[in-house]
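Q: Pasting in a structure now, in structure tokens, and then I'll have a few things to ask.
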Amino acid sequence: MTQEKRSLHKTPPDGGWGWMIVIGCFFVTVCTRAVTRCISIFFVEFQSYFAQDYARTAWIHSIVDCSTMLCAPIGSYVSNHFSCQVGIILGGVLASTGLVLSSFATSLEYLYLTLGVLTGLGFALCYSPAIAMVGKYFEKRKALAYGIAMSGSGIGTFILAPVVQLLIEQFSWRGALLILGGFVSNLCVCGALMRPISLKEDSLHYPLKREPQLDSSCSPLCQDCSHKKLCYCTTKEYHFLLKPKFIILAVSFLFLAYGCSPPFVYLVPYSLSVGVSHQEAAFLMSILGIVDIVGNITFGWVTDRRFLKKHRYCCYLIAVGLDGLCCLFLPILTCFQLLVPFSVMFGYFDGAYVALIPVITGDVVGTSNLSSALGVVFFLHAVPYLLSPPIAGWLVDTTGDYTAAFLLSGFSMIFCSILLGLAKIINRIKKNPQATVVRSSDIKQEVWTNGDVSCLNAIS
């Protein structure tokens, strides 16, 4: 009964409780994405304690990212069929439990299961539903709202990176993981903020969502009709998968996800390998995080301006391409003074395109499909996130340096940008001939009928 009395908004309110949703999503990104990034600070500790090579140790970070993205559709399902609050609170419990259990690890395989799978599953239940909720509350200021919400990743990295390093020094890596587990339990509080909202667009797309369930005593014919309606609703929920624009976007995410992960995993180990101290290496992650915030908010604000709103797609692909270009230069930066500009540039463009991912996705599929679409988008990140750090680690073990690993990441992101650019150009070329036909059809044509001349104007 409570759900039936929920107020129906014609359009997103663009404010009000929406700002509390932004704050909640902000802290969700702190507890999920920032904590995931800071796992790379444990890399050297795990490698030293368990006496393993780069590739095997890198699987920990890969499994966390992969589980988060692979299970994203589960988060979308729970959000769509129960509520966003239920999904985030449940995810907070699982993620916190995974980190606490990881503090008792006796092998890398144990960490694969607890820190990788269990924590990653918890993050998945929180991440995509929280991001989708922001899109339901904002339309005119959507990019700015997402910029603020997604900046939690950068702010969290800036604060947590040195704190985690300090916790490791004071309490060992076991104590640091235990404290992180308590910190991540705050996701349950974030979930309580996610007040549901019903939009007119939702009721138009999914009118059958709240139909009462048929009793088992109903006739087989009625049950068959109900089953067909349920299948129809499910099909409508994912009809965007057949859109050519979404297919191109989905393919580009595969290359983007492969390229963006290794720099975060190997920035600290690479810095240590060229003589940078542990504190300075952690500070590089902090710089990257704080500039990431600037990229989130400024790019979100700028692309909300009227003159750039229609060009968000181009802004997104430019940011991705420049981020890849930064990776190509990383192998020649061999001191702290040169690595600082890298952290600034890479962090800014990373924040820029990350803030636009849900915006671009929403522009393609619509607000009513955003939660399901984000589940698919993050699902596509799973395999690249799983494979890219171990592949990069294998390249480091094989070649003896980080050059090949960073070059592969850079070229992958640049290819993603080129793919999106080519799709944009092809789409524009396809539209031009149609425009030419319409213009030529406006010319008056003479038609001879019984000796009279009639002038027919083509109706466009």
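Note: Cβ is positioned from N, Cα and C throughout, glycine not excepted.
What Swiss-Prot records for this protein is below:
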type     : residues : note
TOPO_DOM : 1-10     : topological domain 'Cytoplasmic'
TOPO_DOM : 427-460  : topological domain 'Cytoplasmic'
TRANSMEM : 11-31    : transmembrane segment
TRANSMEM : 58-78    : transmembrane segment
TRANSMEM : 86-106   : transmembrane segment
TRANSMEM : 115-135  : transmembrane segment
TRANSMEM : 148-168  : transmembrane segment
TRANSMEM : 177-197  : transmembrane segment
TRANSMEM : 246-266  : transmembrane segment
TRANSMEM : 282-302  : transmembrane segment
TRANSMEM : 329-349  : transmembrane segment
TRANSMEM : 354-374  : transmembrane segment
TRANSMEM : 376-396  : transmembrane segment
TRANSMEM : 406-426  : transmembrane segment
Q: Taking residues 6+ outside the transmembrane segment (177-197), which of them lie with a CB under 8 Å of any CB in it?
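A: Tertiary neighbours of the transmembrane segment (177-197) are 3, 6-7, 9, 12-13, 17, 20-21, 23-25, 27-28, 31-32, 35, 38, 42, 83-89, 91-93, 95-100, 102-103, 115, 119, 122, 126, 129-130, 133, 136-137, 164, 167, 171.
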Q: Tell me if the transmembrane segment (148-168) touches the transmembrane segment (282-302). I count contact as 3 or more CB pairs below 8 A, with pairs 6 or more residues apart.
A: yes
Q: Looking only at residues six or more beyond either end of the transmembrane segment (406-426), which have a C-beta under 8 A from one in the stretch?
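A: For the transmembrane segment (406-426), the nonlocal Cβ contacts are 245, 248-249, 251-253, 255-256, 258-263, 266, 270, 313-314, 316-318, 320-321, 323-328, 330-331, 388, 391-392, 395.
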Q: Do any residues, 6 or more residues outside the transmembrane segment (354-374), come within under 8 Å Cβ-to-Cβ of it, and if so which ones?
A: 12, 72-73, 76, 79-80, 128-129, 131-132, 134-136, 139, 142-143, 146-147, 150-151, 153, 199, 201-202, 204-206, 237-240, 243, 245-246, 249, 292, 295-297, 299-300, 303, 312-313, 315-316, 319
Q: Could you pull out which residues elsewhere in the chain have a CB under 8 Å from any CB of the transmembrane segment (148-168), counting only those six or more residues past its ends?
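A: Same-chain contacts beyond the flanks: 22, 25-31, 33-35, 37-38, 41-42, 45, 130-131, 134, 175-176, 179-180, 278-279, 282-283, 285-297, 300, 347, 351, 354-355, 358.
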Q: Sequence-remote contacts (6 or more beyond its ends) of the transmembrane segment (11-31), Cβ cut-off under 8 Å?
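A: Answer is 88, 92, 95, 126-127, 130-131, 133-142, 145, 148-153, 155-156, 160, 183-184, 186-187, 189-191, 193-195, 197, 199-200, 367.
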Q: Same chain, outside the transmembrane segment (246-266) by at least 6, Cβ under 8 Å from its Cβ: which residues?
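A: Hits for the transmembrane segment (246-266): 37, 40, 43, 58, 61-62, 65, 69, 240, 320, 323-324, 327, 330, 346, 350, 353, 360-361, 364-365, 373, 376-377, 380-381, 383-385, 387-389, 392-393, 396, 402, 405-406, 408-413, 415-416, 419-420, 423.
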